Amino acid sequence: MNVPLGGIWLWLPLLLTWLTPEVSSSWWYMRATGGSSRVMCDNVPGLVSRQRQLCHRHPDVMRAIGLGVAEWTAECQHQFRQHRWNCNTLDRDHSLFGRVLLRSSRESAFVYAISSAGVVFAITRACSQGELKSCSCDPKKKGSAKDSKGTFDWGGCSDNIDYGIKFARAFVDAKERKGKDARALMNLHNNRAGRKAVKRFLKQECKCHGVSGSCTLRTCWLAMADFRKTGDYLWRKYNGAIQVVMNQDGTGFTVANKRFKKPTKNDLVYFENSPDYCIRDREAGSLGTAGRVCNLTSRGMDSCEVMCCGRGYDTSHVTRMTKCECKFHWCCAVRCQDCLEALDVHTCKAPKSADWATPT
């Protein structure tokens, strides 16, 4: 294909996307790295100098981030549990997810957002629990304040989410800030959306003081909601993610389809359409759906028709132990019998002429 020299600028956004370097966030591998801070900081491959600097300087924060990886990957797997790609991780791959996230897809957008959110959540929680030397409860929440119910006193331990966001931005964004390509800008946008999502669900909790529990005096504090709320919110953003292209000057995005609105800071953005994830594809990083359990009665993404990509399914007759004939006994216990339950389990057939992966 011959492209006139004057048309190079029109193709630049596409070239930026195609020529994106490997972009996996190496810090995700901190989940699998134990030992001292020096061992951890020096054995996570791919950390940029700023990340290593923060790692050596704040080993307690790194431990919190490492523990948080398990939490946000579990949340990712919960949200994608009924989909062909189920956020499966690869234990021996330092990118954690393999090649699948090299594509600038919706799935990549979600993973970068949920991982960034997970760092904010993990650090903020560790601050409140007194596990970090560099932070504690929110120091700004002192004295008296007013809300719709009247005057209250700040007390207890308000979650210091501003510290969590600040550290997450410095650590997580460090690698992307070194790059000027389209994918780096996409990651930075989705990282920020993830951080903002956690703060969105910060809620005020109060305790009443007074005679017989009356609320003549209130003590209040700010607390993060359960991480599931953040996961559910980002899942909705995933389903409404906006496909974008780079501006000609390479400084920002425009929508790929002019009928859609410009993305806000809360929206997820992506460049490339997702593969169908039906078959094992090493280049795309897809493990396929062969061997995956499907739902014969569903009409959704977990249905055997959709999950198995029209290849059909195998049915196995299995038995499992369940609790049955449960009765309440005064006071205060529920006693159940152990019963064997017979059920059919449906799993997707493998492609007839393909090398396929073990069940995912």
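From the backbone N, Cα and C atoms, a Cβ is placed for every residue, glycine too.
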Quick one: Swiss-Prot says C220 makes a disulfide with which of C157, C206, C278? C206
Which disulfide-bonded residues are spatial neighbours of C294 (disulfide bond) here, meaning Cα within 10 Å, out of C127, C137, C208, C308, C348? C308, C348
Have a look at the disulfide-bonded residues C137, C331, C348 and say which one has the shortest Cα distance to C208 (disulfide bond). C137
Rounded Cα-Cα span from C304 (disulfide bond) to N295 (N-linked glycosylation site), Å: 6
List, in sequence order, those recorded positions among C157, S212, C220 whose Cα sits within 10 Å of the Cα of C336 (disulfide bond). none
Entry from the disulfide-bonded residues list C127, C220, C294, C326, C339 having the most other CB atoms no farther than 10 A: C127
Across all protein chains shown, the one of the disulfide-bonded residues C137, C331 with the most other Cβ atoms within 10 Å of its Cβ is C137
